[in-house]
Ligand code: PAF
């Protein structure tokens, strides 16, 4: 496994591979890796010749400086996980490597940018697409893999790719859950034992909605899910919605395909998101 810190070194490693028509996959991460990330690497390995994983805690996507500061950075553990997963190249640039000078970034990501996470974390998806574009420029991947857990993020990245007409395929990979249903997340590390127990209500509410989707109306499902979450101590609901997966607008017609239930809540001091595709 090669560990690379500069864009120039990365390009000189990858350009001959690209010229030899080998398929390059990129798995962008912010580190603090868990089994969800490993699953992305495993899926990437099945579809490409060379898998590059980036680890970069991107400052421009954090709306709360405290959140950026306390973002976990367990480097040794990450390297071990990547080595064991059989990752070929790790790209781990510094902040100045990715942002050598101050820059303005604004791209039209469509109205869905301002919904859900976009409402609670203003400017978040501008920062996400800014760094993903830079990583695409550095790696020039044929295919890139993202977790479905950040459902809106995948949508925003697909919108960015189509806005710039980038020659990269975006693949959304299934959410990996703990045995009790908790969606894996780098932020779970901040949950106390009590928070972790309370956090299970998010996947329980989503599962309830999925299991009852064919028999109950959308308003009834929403009411039941919100009641379940609001009745759990230590959990502060930001949103629970049943939405159109392409627009993220609330869905009213169950006959449409591509319907997804999405939730975000603060559990103790930790903000968690989760979702489930319903049809
Ligand atoms: O999902 C993440 O870890 C980040 O948002 C990403 C895509 C690596 C961009 O910093």
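Cβ from N, Cα, C; glycine included.
Per TrEMBL, these features apply:
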{"type": "ACT_SITE", "residues": "37", "note": "active site, proton donor"}
{"type": "BINDING", "residues": "30-37, 147-150, 176, 184-187", "note": "ATP binding site"}
{"type": "BINDING", "residues": "61, 153", "note": "(R)-pantoate binding site"}
{"type": "BINDING", "residues": "61", "note": "beta-alanine binding site"}
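Under DSSP, residue 176 (ATP binding site) is assigned to coil, being neither helix nor strand in the three-state scheme.
In sequence order, 27, 29, 53, 81, 147 are the residues near residue 37 (active site, proton donor), counting only same-chain partners six or more apart with C-beta under 8 A. Residues 30, taken from the recorded positions 30, 33, 37, 148, 176, 186, are distinguished by a CB atom under 6 angstroms from ligand 1. On a Cα basis, residue 153 ((R)-pantoate binding site) lies 16 Å away from residue 36 (ATP binding site). The distance from the Cα of residue 61 ((R)-pantoate binding site) to the Cα of residue 30 (ATP binding site) comes to 11 Å. For residue 148 (ATP binding site), the same-chain residues lying six or more positions away in sequence with a CB closer than 8 A to its CB are 154, 172, 173, 174, 175, 275, 277.
Summary: among the binding-site residues (33, 176), the fewest other C-beta atoms within 10 A of the C-beta are counted at 176. Looking at residue 153 ((R)-pantoate binding site) and residue 30 (ATP binding site), their Cα atoms lie 14 Å from each other.
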